[in-house]
Amino acid sequence: MTEFLQQIVNGLTLGSLYALIAVGYTVVYGIVQLINFAHGEVFMIGAFGALATWTVLFKGQTGLWVLPIMVLGAVLVSVLTAVVMERIAYRPLRGAPRLAPLITAIGISVFLQEAVRLFYPGAKSKLTFPEIEVVTGSALSIGGLQIQRAAIFTVGALVVSAVLLWFFVNRTRLGQGMQAVSQDPDTAQLMGINVNRIIVIAFAVGAALAAIAGVAQGLLNSNIDFRMGFLAGLKAFTAAVLGGIGNIQGAVVGGLTLGIAESMATQFIPGQFGGSAWKDVWAFVLLILVLVFRPQGLLGARVVDRA
Amino acid sequence: MSTSTTDLTPDHDDHEAVPLLERMPGRGSAAAWPLALVGAALLIAGSFLSWSFPDDVLGDLSVNFYPNGLQLCVVALGIAAVIFLLAYRGPLSRLGDWLDAASALRWIGLGAVIYMAATIIAIGWQTGAILNVNPGGWITLIGALLLLAGSLMLVSRNTRDPLFAKTSSWFEIITIIVLLALVLFGAAYALGLEDAVSFALFLLFAGMLSMALTKAGVFTWLGVVSQKNRQVLMFGAFAVAFLFPFTQGGSDENMSIATQVLIFAATALGLNIVVGLAGLLDLGYIAFLGAGAYVGAILSNSAFATIGWKPPFIVVVLIGALVSAILGLIIGSPTLRVSGDYLAIVTLAFGEIFRFTMGNLDGNNGPDLTNGPNGIPAIPDLKFGSFDFGQPHEVFGITLGRFANYYFLLLVIAAFIIFVFIRLNNSRIGRGWVAIREDEKAAEAMGVNVFGLKLFAFAGGAFLAGMAGTVKAHHDVSVTPDQYIFLESAFLLAAVVLGGMGTVAGVLVGATILKLLPEKLRFIADYRLMIFGLVLVLMMRFRPEGLIASQRRKLEFHHDDEDLAQRIEEVHLEEAEAKA
Amino acid sequence: MAQRSVMTVGASLLVASLALAGCGDRGDETSGTGDTGGDAKVAKIGVIAPLSGDLSALGKGIQHSVELAVKQANDSKAIPGWTLEVEAVDDEGKAEVGKNGATKLAADDQIVGVVGNLNSSVSQQTQPVFAAANITQISPANTGPSLTRGADGNTRPYKTFFRTCTTDIAQGGFAAKFLIEQGIKTVATIHDKKTYGQGLVQYFTEAYKAAGGTVVAAETINPDESNYAPVVSKVAPSKPGAVFYGGEYPQAGPLSKQMKAGGLNVPLMGGDGIYDPKFIELAGSTSNNDLATSVGEPTENTEAGKKFLAEYEAAKFAEPAAAYGGYSYDAANAIIEALKTSLKDAEDAKSARQATVDAVGKVSFDGVTGKVSFDEFGDTLVKVITGYKVEGGKWASVKSENVS
């Protein structure tokens with residue numbers, strides 16, 4: 001039983017990470033029907049932004065108070081990357097055949113990874129992420145369960161972000177504009193909504209959450225590297241599809257489901273095909289099954305059949 | 001000669017460029033032509049003089065009246081400029097009725113200026129002082145500048161579309177042969193250049209000259225000619241490819257690159273069936289090559305092979321191709337339900353599953369089949385009877401090394417794949433694929449077996465890639481999972497996109513560029529992936545149809561180009577007339 | 001009518017192409033004369049190691065140590081009539097890249113011997129390439145036994161491969177004994193499935209069980225992974241006294257940290273692959289009491305080692321000698337020693353390759369890490385292993401032993 005609960009905890013941690021990234025896929029897809037394949041790289045750049053902030057401003061500090069500033073640094077860098085990417089690479093391709101933006105996204109993805117590898121000092125190998133008091137260090141033991149401190153930060157970050165995002169989408173003018181554009185861009189435009197601005201905001205919102213996830217992963221794994229975005233991005237996309245792409249609640253639900261499924265696969269699939277060696281395979285099998293048999297996802301996609 | 005066709009000016013100048021050009025001072029003045037001629041003359045004359053004082057820069061540019069390769073390239077540019085000038089006004093002016101000489105001259109001028117500037121900078125940089133540039137270099141640069149200035153002042157003549165030029169067939173065939181010989185020679189020369197700067201300069205020369213010929217309309221005409229003489233072209237191209245190892249003097253260095261290009265191109269051609277013809281985006285294609293390679297390795301004589309069965313190689317090729325094709329069927333089966341972006345993601349997921357699985361099947365996490373991340377090393381060279389692929393062989397007094405042996409084998413496979421590709425493309429199946437690509441629902445309504453054809457595209461492409469994979473295993477000596485990562489799939493896709501989807505020549509060009517340039521331009525080695533990413537983005541932005549695009553494909557990406565649409569229609573009409 | 005002028009162009013193009021065909025070989029005739037004068041002939045020693053990427057700290061140490069040995073040989077004119085040069089290529093610690101690098105070295109006619117690789121999984125790929133070209137390969141760091149003893153443990157697969165460090169049979173055995181001596185009787189093993197990690201864990205497990213210990217869990221990770229929480233959670237319930245990890249520090253460091261953050265407060269132990277300062281940097285403040293074994297005595301503990309380190313210091317290389325500096329220096333000197341006989345009457349470097357392989361098998365001299373000589377498998381005869389412990393953020397040696 002303890003093992004089961006322990007893996008639930010692990011799964012929720014991992015799932016929160018996926019969910020934070022998945023929101024970015026879903027928000028953008030809901031509005032422009034674009035799989036922003038480079039979103040994983042935005043997440044990676046967020047982690048590097050946080051590390052850079054720490055290295056430049058607070059090297060050697062471990063107090064909890066530096067964490068909000070690191071997160072801020074991460075968010076700034078990620079949002080900037082995402083907005084520039086939208087403006088330079090994606091916007092000119094609106095209305096182009098669907099192959100074009102996907103290939104562009106792969107190009108951006110490779111470009112960003114390499115840019116970080118080549119130009120961030122020391123990024124050719126793994127970089128140590130700073131240890132921050134309270135959120136890193138020895139595990140908390142609750143009734144036989146071992147809970148990583150960073151895991152609490154991760155789950156907490158998801159909860160706070162989700163609440164803020166819900167408020168933003170449903171209670172602010174911009175958020176309502178986003179909803180309008182995702183339902184019918186042409187009519188929204190006629191109603192005086194600046195569609196370009198809404199799209200930029202969608203990219204920015206997704207990037208901000210991905211940046212927070214970047215910091216969380218840095219704290220969890222204690223190190224970051226330029227390749228971390230690829231697999232995380234792919235998993236997060238799986239989560240978005242699992243929950244129903246275009247659907248923000250879906251992204252959260254999908255992320256948590258995927259995280260728990262992965263942890264369970266590590267622990268409970270018996271024999272040679274279990275264990276952590278196969279968990280990624282099972283995650284992708286899940287992705288394929290969902291895409292084939294329930295493309296609208298668990299909660300239903302906002303936009304169905306975008307072939 | 002069907003004179004009835006309208007004199008449409010081909011889309012020579014970019015739309016933005018025209019107004020800028022018209023603001024050029026002295027445009028249309030009588031001095032333009034003589035100025036350009038003087039420039040061309042200086043270009044040629046300057047190239048026969050010494051360019052640099054030290055004799056160890058860029059080969060040797062220091063001897064008067066004995067130009068080296070890089071200087072001869074400028075001479076070639078100069079001669080081309082003179083020909084176009086004479087076509088513009090003078091003895092060749094009939095040629096100027098068909099070809100846009102002024103545009104071509106502008107590109108030659110521009111190319112010469114960039115080329116000379118780069119050369120002078122390189123000399124200055126490598127010797128540490130710009131003083132080391134001899135007068136010859138400066139004279140040539142001035143010639144290039146004059147040529148550019150003169151050509152910018154020239155006004156393009158009204159030309160007829162070279163699409164409709166009629167030329168005698170023996171002339172066309174000779175042109176093709178000369179062209180192919182030039183390609184062979186150029187490739188051998190370029191590969192022989194050890195120095196990365198010289199290589200880059202040669203590329204610049206070749207690129208600018210082809211750009212000039214494109215702008216003049218020569219390539220439009222060549223396109224028609226090569227369509228008409230397809231057999232000659234194909235045969236000639238293979239002859240060139242076959243002769244290539246003999247130009248290498250037994251050195252294996254370039255042959256190793258050439259074999260890699262061939263493996264890559266063969267796989268990319270398979271992918272081209274899926275993406276280019278059937279329009280199904282596959283982001284996990286490298287898995288098919290990998291499946292073939294793993295089969296090749298497991299059934300080889302390697303001491304690390306995990307299955308005791310060692311059938312003859314021809315059987316291995318078939319098994320590898322079949323295993324790959326079965327994988328293709330499995331990966332293709334979701335196409336019944338998913339398409340577009342979702343399909344791309346499904347294939348990507350399959351690719352990753354393949355890589356993880358190959359890394360896991362090591363006895364610890366599953367049956368021992370692949371040795372896990374360590375892969376299967378020490379795969380012996382192929383042997384056909386007494387012919388050992390690992391040993392050099394002497395043919396006509398020229399030594400052909402290990403890689404040359406594999407090169408010929410791969411050439412045969414590539415030829416087979418190209419043959420299959422072309423036959424499929426021109427068949428009922430190929431037309432079915434195009435129909436699916438254009439509009440799946442309409443195709444289905446017209447009675448095209450959509451699902452069957454999609455599956456066939458996946459399985460067929462995978463079959464061909466699997467064949468290449470079995471040879472790759474022996475060629476590479478070892479098979480490991482990290483050879484089959486997502487980035488490799490992205491490279492394959494890039495080769496298809498870069499060259500031009502749905503065309504054979506385009507994919508060959510794309511594969512060559514992607515494999516050859518990083519090997520030769522060592523100074524960009526560390527930046528090559530970054531440049532690759534950037535190129536993908538820029539291509540999608542500015543030339544989504546690829547470098548060598550079929551005209552039909554071009555239209556798909558440029559809906560609003562009425563001019564292009566009309567031209568394509570005319571060509572089709574004329575073809576139909578000719579058949580009738 | 002139009003045809004005629006088109007033909008004229010064709011003819012001119014032909015002329016142009018012929019002119020182009022003149023582009024050619026002149027460069028060789030003039031520049032070739034410069035080198036063949038009275039100058040010494042050149043032979044190259046290749047280095048193939050991870051010069052970039054996660055393992056570059058170790059790889060750079062290998063490269064510079066070889067450079068030091070070659071510089072000293074040139075300064076003392078060890079081989080009359082010849083100048084030695086170092087040609088370093090990067091294998092990034094990856095099998096595929098390593099093989100391409102080896103192909104490149106093998107194609108260079110001046111290469112007579114190679115020092116490398118760092119990773120056993122990479123050497124597995126480079127061995128056949130060098131063997132086919134008859135180039136001596138001496139690894140300073142490959143501890144995977146099958147490299148010299150073949151898949152069956154008793155046939156030498158490649159006559160060209162030697163190593164100056166000992167194997168995981170010795171290391172695994174020592175590690176098992178060392179751990180028991182620390183009072184730890186239960187252990188969980190994790191490895192990265194690569195040649196080195198898998199082999200090390202296998203030999204460790206055999207020896208550990210024989211010495212009376214219990215292996216309570218055996219897991220694997222994917223080398224390109226960085227989140228080990230699932231595997232930690234899976235191992236933790238079996239309450240091991242330590243975790244024995246087969247692999248290198250880029251994974252071991254984060255694993256150690258995540259173990260402790262995940263509530264598994266036991267030491268992590270590994271082989272020579274984790275014995276590097278970078279491990280402690282990645283593992284952070286909770287890495288105290290983590291254990292490692294490494295081949296040979298600590299370089300700074302012996303007279304010869306001190307001298308080597310002083311000379312290395314004096315040469316002002318950008319990176320430190322790291323764990324394999326001494327072994328690399330010895331490997332390079334073994335090649336140089338062999339070249340003294342093989343190059344003596346050789347026409348050019350390429351023709352001396354076979355003689356070099358033969359001569360390396362017979363060398364015997366006192367190196368930095370002890371006596372340098374090879375048995376019939378190409379293995380070193382010195383089998384000294386040292387146990388280390390992290391104390392106060394540094395590796396401290398606990399004991400050394402000759403296990404032969």
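Quick reminder: no glycine exception, Cβ is built from N, Cα and C everywhere.
Since this is a predicted model, take the numbers as computed values, not measurements.
According to TrEMBL, the feature transmembrane segment maps to A:12-32, A:38-57, A:64-84, A:99-120, A:150-169, A:198-220, A:232-261, A:281-304.
Just going by CB pairs under 8 A, the stretch in A:99-120, A:150-169, A:198-220 that sits most against the transmembrane segment (A:64-84) is A:198-220. Long-range contacts of the transmembrane segment (A:281-304) within its own chain (CB-CB distance under 8 A, at least 6 residues past either end) are made by residues 29-30, 33, 182, 235, 237-238, 241-247, 249-250, 253-254, 257-258, 261-262, 265, 269.
Below 8 angstroms of C-beta separation, residues 13, 16-17, 20-21, 23-25, 27-28, 30-32, 36, 39, 42-51, 67, 70-71, 74-75, 77-79, 81-83, 85-87, 91, 129, 132, 135-136, 148, 150-151, 153-154, 157, 161, 165, 168, 174, 177-178, 181, 188, 228, 232 of the same chain, each at least six residues beyond the ends of the transmembrane segment (A:198-220), sit close to that stretch.
If you look at the transmembrane segment (A:232-261), the same-chain residues 6 or more away from its ends with a CB under 8 A from one of its CBs are 7-8, 10-27, 29-30, 35, 37-41, 43-44, 109, 158, 162, 165-166, 169, 182, 213, 217, 282-284, 286-287, 290-291, 295-303. Beyond the ends of the transmembrane segment (A:99-120), by six or more residues, the same chain brings 34-38, 40-42, 44-45, 48, 52, 81, 85, 89-90, 93, 226-227, 229-230, 233 to within a C-beta distance below 8 angstroms of the stretch.
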